[in-house]
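Annotated features in TrEMBL:
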type	residues	note
TRANSMEM	B:41-61	transmembrane segment
TRANSMEM	B:81-100	transmembrane segment
TRANSMEM	B:121-143	transmembrane segment
TRANSMEM	B:163-185	transmembrane segment
TRANSMEM	B:197-218	transmembrane segment
TRANSMEM	B:230-250	transmembrane segment
DOMAIN	B:255-355	domain 'FAD-binding FR-type'
Amino acid sequence: MRTVTALGTAAAAGVVLVSSWQAGQHSGPQAAGGVHVVSGASGSAGGAVSSAPPAAGPPTRHARKGSKKPGTTTSAPPARRTATGAVVQTPYGNVQVKVSLLGKKITKVTAIHLTDSSSTSVEISASAAPILRQEALKAQSANIDLVSGATYTSEGYKTSLQAALDAAHL
Amino acid sequence: MTTVQRQSSRRSIDARLRQLPARHHDPRRAGRRHLSWRQRVGDLLELLAAASLVLVLALFFRDGGSKDLVSGSWPTGLIAIGRATGLVAVDLLLLQLLLAARVPWIDRVYGTDRALKAHRVLGRITVPLVLVHLETLVLGYAARDHRSAWLAPVVEPFVMLRTVPDMLTAFAATALLVVIAVTSVRMAVRAMGYERWHLVHLTAYAAVALSIPHQLSIGSDLSRSPVVRVYWLGLYVLVAGSIVWWRVLVPVYRSLRHRLRVEAVVEETAGVWSVWVRGRDLEQLDARAGQFFNWRFNAPGLRAFAHPWSLSSMPSENHLRLTVRDLGDHSRALAKLRPGTRVLIEGPYGAFTTARRTRRRVLLIAAGIGITPIRALAEELAADPATRPGDITVAYRADAEDQLALRAELERLTEDEGHALHLLTGPPVAGSWFPGDQPGHDDADRLRRLLHDPRQCDVYLCGPAAWMDLVHTSLREAGVPRLNIHDERFSW
């Protein structure tokens, strides 16, 4: 390559790389990229739980931070509580669920985060989530069947749900 | 672009030369245009290659990769390094395949030898990168799963096989690439022989194919945004298309279209045979003196592998000739070829042609069987109406007089027009490309005794690699500019 072209190319490459580096630094929370092994599959004490008095802030804020630590429970039966499960990493993105409890009864399961590595992943998990929620409400536990075609989402869902229930000592 | 159009003209070279009045045909101007075309296209190709690497890295950085790299957390950092090296490795691997796909623009600009050399150099980068990609990801996941650093490299691959999709094919692809890299070390190629090496090397296509599933199923880095998807899809299509088109369809079409068959096999000197190949409409091949084909003959020992052999005379409308010295491998089988044997060709390849000539005077230097393209070039140059008597000087080096193949033809070509032919015979001399009895205190001096002013010449040389290095050095010492020295090294 001739010198002028080579210098021009190097300069342009430098500018592009530096600016994209900067852009990357300011990018928002990313869907997990690359390969990710499902972690926290044991599910024991991987979640966090908080009581939900009306004035309390969104419970997930604490829950996300504390996802690696054993959960803390406030025991005020038969109180309305929520418990947030562990963030489960799958090859197609993170999965995390939150359960609402009345006493020992699971009243609601909400997906905080579902697989989102691509538009296909989003579609798959969006169609699987309602089925998984129904099953969990019916079974009143994390002992639910996998949704075919959405194995990773299902497994992540189950693991995160089990972690949330563990944290609530249920 | 004018040069391309000229080259792809449907007329044969001698027909073209006959039609052009001498005063309009100035090889120097055409050569300069060709040189500037080569430089421009070369710049463009290198620019595109660099741009592809920059684009891959920039998209990775932009989508959060730069954040992960400096996140401060070991697992995230290691995994980010693994992702980045994987992306760069795929990109380089695809560029490598493109370099070996015999794309005519790459071939005309760099010559087949240099394109394949770049392919080799890239290979020395790609394969280590793939290993870094694998290792950093294994360690990164192990660290994330809180496995001990000692156990991780053993346990984690099995965990990945179980939990991550398409890991088996990815590991197989890596293993293949390592085998290909190891067998391509010069020593190994020599030990295995060209044909076995080539067979192993063809599995590179399988390696790339095996790596695709894991790139698609887990590599959200390859499918995240539309730009990224379009880029990778485009690159894959371009590379696969080039390989199928230039390495398979075009050679098959040409072989069928031109109906090539062996016409005669002639022994030139002991152990040197010429094969005359007859075909139709050969001017459409646009083959030029100095180029080579990969030849396959429908005969025992010559069917399975294509051999790169140069044309030893100017191609005509219905004949091609190649001349081969018995170098052990399969050259000997050529002697037994029967007339009428079907011939399959890939080519013409190579940028070692008179298109590169920018001077009126030309010095042709050959050693041993390296005479074949030089003999063809001498014929084309002598036929060029712009060449004046005495413009061509041929220096032909061989160990002994009886090894001077094609000598009579060269004498005929040079005598009529007053061109010079120097036969340099004698055993090899260490550190010199001349025989021992040649007067002069060094090679540059001996060169100047052969012809008055080598600096005014275009020089074409062909011979063994070590010998060509010596010629190159003495030419530079004698003041020949680098751009006027033309060679092609076939000892890949």
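Cβ atoms here come from the backbone N, Cα and C positions, even for glycine.
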* Report the listed stretch (B:81-100, B:163-185, B:197-218, B:230-250) having the maximum count of Cβ pairs within less than 8 Å of the transmembrane segment (B:121-143). => B:81-100
* Sequence-remote contacts (6 or more beyond its ends) of the transmembrane segment (B:230-250), Cβ cut-off under 8 Å? -> 52, 55-56, 59, 91, 94, 97-98, 101-104, 205, 212, 215, 222-223, 346
* Per-residue pLDDT averaged over the domain 'FAD-binding FR-type' (B:255-355) comes to what? -> 91
* To do: Determine which residues of the chain contact the transmembrane segment (B:197-218) at the Cβ level, with the cut-off under 8 Å and only residues 6 or more beyond its ends counted.
  => 86, 90, 93-94, 97, 164-167, 169-170, 172-174, 176-177, 179-180, 183-184, 188-189, 232, 236, 243, 305
* Structure fact -> DSSP puts the residues of the domain 'FAD-binding FR-type' (B:255-355) at 15 helix, 42 strand, 44 coil
